[in-house]
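These features come from TrEMBL:
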- 38-177: domain 'Lactate/malate dehydrogenase N-terminal' (DOMAIN)
- 44, 45, 46, 47, 48, 49, 69, 130, 153, 154, 155: NAD(+) binding site (BINDING)
- 180-342: domain 'Lactate/malate dehydrogenase C-terminal' (DOMAIN)
- 210: active site, proton acceptor (ACT_SITE)
């Protein structure tokens with residue numbers, strides 16, 4: 001499949017009409033070479049990849065989007081479908097190819113390619129199939145865009161982020177996993193639903209593995225700036241720990257429920273990843289719970305492991321990790337989550 005994309009060529013021989021259609025004004029300077037051109041490449045044109053691409057388009061986050069996939073016909077169909085909506089979207093060039101050379105000069109490479117998660121299948125069960133795939137994806141991305149930021153979405157995301165870091169040779173701040181950014185959004189929604197408030201007024205984080213061993217940071221939850229558990233204790237309002245655990249379990253099970261109902265998840269992860277892309281490319285310096293190298297935090301020692309922690313994101317990737325307070329129990333669960341990931345990595349010999 002030859003690279004396909006937007007074109008200003010019309011007529012026999014592909015005549016470029018740009019110069020003929022517009023007459024330059026007098027005393028004009030050439031366009032500034034310093035103008036920032038933002039390029040995003042999305043690897044994997046499945047349900048998740050296309051939801052991310054569509055959300056990025058509607059939010060006007062890039063001047064150019066490149067779609068890469070191994071299935072040329074589906075890939076071209078997806079590209080054309082988006083291009084045909086050009087009259088309703090911000091001006092963005094859309095290209096598609098099976099050739100990774102088209103990703104050259106990308107500011108951000110979002111990797112969604114991988115085997116689909118089947119109903120009842122844990123994220124860690126996907127690992128063996130996806131590691132081999134990544135050995136054919138990450139090296140060419142790093143070669144064609146040596147200054148890019150890698151944003152890994154494929155599951156199991158924590159291990160695959162670690163694999164991507166090793167395969168790319170990039171510094172750790174430029175390899176990020178989408179991690180528990182979506183889990184935390186689900187968490188905030190459920191808390192907001194219980195309290196009948198807007199989810200945007202709830203600050204709450206899920207950290208650790210994006211999966212069954214994730215950790216809910218109940219001690220740091222606040223609503224409208226009010227620490228929830230401290231407020232309940234000060235007001236002598238009783239609450240049961242089992243209720244809190246039930247909410248956390250709903251977060252863990254929510255993706256599995258969506259998969260069992262519609263076969264896959266797409267829209268929520270699309271918005272979540274576009275949100276991360278905005279923070280990175282616009283240098284927003286916002287705090288997101290994403291998968292970063294976790295060694296040195298909360299007693300994580302030994303092997304190298306990527307886990308989600310509240311991190312500040314900007315043009316440089318991960319700018320730092322917040323010093324959020326964890327109770328002894330939360331810190332222990334976080335270390336247990338790390339050991340879960342490390343055990344898998346040891347079994348794979350990576």
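Note that Cβ sites are derived from N, Cα and C of the backbone, with glycine treated the same way.
Curation plays no part in TrEMBL annotations; they are all automatic predictions.
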Across the domain 'Lactate/malate dehydrogenase C-terminal' (180-342), average pLDDT on the 0 to 100 scale:
90
Per DSSP, what is the residue count of the domain 'Lactate/malate dehydrogenase N-terminal' (38-177) in each of helix, strand and coil?
65 helix, 26 strand, 49 coil
Other C-beta atoms that fall within 10 angstroms of the C-beta of residue 44 (NAD(+) binding site):
23
Residue 155 (NAD(+) binding site) versus residue 210 (active site, proton acceptor) - Cα distance in angstrom:
9
For the NAD(+) binding site, please report the maximum Cα-Cα distance among 44, 45, 46, 47, 48, 49, 69, 130, 153, 154, 155 in Å.
17
If you count other Cβ atoms within 10 Å of each one's Cβ, which of the recorded positions 46, 69, 210 has the most?
210
C-beta crowding around residue 48 (NAD(+) binding site), within 10 angstroms:
26
